[in-house]
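S.K.: Relevant sequence annotations retrieved from Swiss-Prot are reproduced here:
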type	residues	note
ACT_SITE	Asp147	active site, proton donor/acceptor
BINDING	Asn7, Glu385	Mg(2+) binding site
BINDING	Lys14, His207, Met208, Gly209, Asn210, Gly211, Asp282, Met283, Arg284, Gly331, Ile332, Gly333, Glu334, Asn335	ATP binding site
BINDING	Arg90	substrate binding site
SITE	His179	site 'Transition state stabilizer'
SITE	Arg240	site 'Transition state stabilizer'
Amino acid sequence: MKNLVINCGSSSIKYQFIDMKDETVLAKGLVERIGIKGSVITHKVNGEKYVTETPMEDHKKAIKLVLDALLNDEYGVIKNIDEISAVGHRIVHGGEKYANSVLIDEDVMKSIEDCVSLAPLHNPPHIIGINACKELMPNVPMVAVFDTAFHQTIPDYAYMYAIPYEYYDKYKIRKYGFHGTSHKYVSRTAAEFIGKKVEDLKMVVCHMGNGASITAVENGKSVDTSMGFTPLGGLAMGTRSGDMDPAVVTFLMDKLNINASEVNNLLNKKSGIEGLSGISSDMRDIKKGNYVDKDPKAMLAYSVFNYKIKQFIGSYTAVMNGLDCLVFTGGIGENSFENRREICKNMDYLGIKIDDKKNDETMGIPMDISAEGSKVRVLVIPTNEELMIARDTKDIVGKLK
């Protein structure tokens with residue numbers, strides 16, 4: 001079985017083609033600037049990169065180019081389109097309806113469309129991508145894998161906001177959580193790595209990238225997560241503010257004479273560590289400002305980022321009445337030993353101690369960085385959302401036979 005994984009953005013498509021027999025990535029790539037001048041597809045096979053600049057007026061043309069790349073005489077990996085067993089689509093928002101991945105049919109498409117108001121930037125391109133794939137591969141089964149699905153096990157007292165209940169009834173305002181596919185993959189991989197059943201563990205998974213979230217995983221299920229109604233909630237991120245007093249929103253609107261859309265843009269795209277530092281949304285630049293340049297604002301942004309994560313680790317340990325495993329993943333979580341060191345500092349009371357030498361030597365593979373005598377296992381687990389999507393797709397399509 002060979003599955004194509006598609007992640008459609010408003011002007012881009014990320015893709016991977018995976019042989020599920022041994023979970024080998026046969027090809028992967030990125031289509032950029034769809035509908036914009038200078039559109040390009042970058043296709044990678046066996047470590048070689050093939051870049052093609054060509055006009056792409058829409059997502060259908062872009063997906064046709066992806067299929068052409070997979071079938072290419074020089075660097076293709078299949079001879080016939082029928083070798084694509086199924087397509088797994090990453091969908092950001094599935095609302096309350098889906099706690100698992102599902103085979104896409106008319107009802108599922110309607111549900112994804114119904115969630116457009118909850119994810120106006122993400123769900124519309126997903127819908128366009130699915131429709132394009134259906135046109136080009138009408139006989140290939142399609143599966144929707146939702147970022148929100150893993151968090152549907154969160155109890156109501158953790159996902160409800162203390163505003164009039166009628167707004168939940170009318171508008172479904174509640175915590176949804178995101179990065180669910182990553183948290184699901186990483187929690188299961190971490191349990192397997194330490195030889196335990198995920199159902200027997202209390203874990204905190206820290207997905208730390210430009211977008212960042214933390215999830216409490218108890219007995220294999222999400223019981224709380226830091227992101228909320230939108231991905232703006234929770235931690236201080238690259239350009240997102242994270243949690244703060246809601247009154248700040250109306251205060252800024254009044255003081256700056258801006259509307260709801262403008263304040264939303266400010267909090268999503270001009271805040272976070274970039275807003276605090278005035279330097280960058282990239283943690284590498286912030287670390288340089290902190291350790292090398294001794295820039296006060298960079299030092300502040302770095303400290304705020306780490307502090308918020310430490311806060312959530314403590315909170316979720318309390319929620320689960322204990323902690324067996326702390327896991328770091330995502331671009332920063334996997335690659336920044338400095339951030340991991342700062343976050344785990346002075347966490348002895350929770351039984352968290354890391355070995356500095358092991359922490360400094362992480363290298364893109366699952367690693368245990370716990371110090372000897374640490375009651376909590378501290379792990380670095382590279383995430384692989386595409387593989388999780390491909391696995392879910394395999395499971396669902398396999399049941400059709």
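Heads up, the Cβ atoms here are built off N, Cα and C, so glycines get one too.
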S.K.: Residues with Cβ closer than 8 Å to the Cβ of Lys14 (ATP binding site), same chain and 6+ apart in sequence?
M.R.: Ile6, Asn7, Lys28, Gly29, Leu30
S.K.: Can you tell me which of the recorded positions Arg240, Arg284, Glu385 is spatially closest to the residue listed as 'active site, proton donor/acceptor'? Compare CA atoms only.
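M.R.: Comparing Cα positions, the candidate nearest the residue listed as 'active site, proton donor/acceptor' turns out to be Glu385.
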S.K.: Within 10 Å of each Cβ, count the other Cβ atoms, then let me know which of the recorded positions Arg90, His179, Arg284 comes out lowest.
M.R.: Arg284
S.K.: Cα-Cα separation of Arg284 (ATP binding site) and the residue listed as 'substrate binding site', in Å?
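M.R.: With distance taken Cα to Cα, the residue listed as 'substrate binding site' is 28 Å from Arg284 (ATP binding site).
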S.K.: State the Cα to Cα distance, in Å, between Asn210 (ATP binding site) and Arg240 (site 'Transition state stabilizer'), rounded to an integer.
M.R.: 9
S.K.: Using C-alpha atoms only, work out the spacing between Glu385 (Mg(2+) binding site) and His179 (site 'Transition state stabilizer') and round it to an integer in Å.
M.R.: 9
S.K.: Write out the long-range same-chain contacts of Asp282 (ATP binding site), meaning residues 6 or more apart in sequence whose Cβ is under 8 Å from its Cβ.
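M.R.: Same-chain residues close to Asp282 (ATP binding site) (Cβ under 8 Å, separated by 6 or more) are Asn210, Gly238.
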S.K.: Of the binding-site residues listed here (Arg90, Ile332, Glu334), which is spatially closest to His179 (site 'Transition state stabilizer') when Cα positions are compared?
M.R.: Arg90
S.K.: 10 Å Cβ neighbour count around Met208 (ATP binding site)?
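M.R.: Other Cβ atoms within 10 Å of Met208 (ATP binding site): 26.
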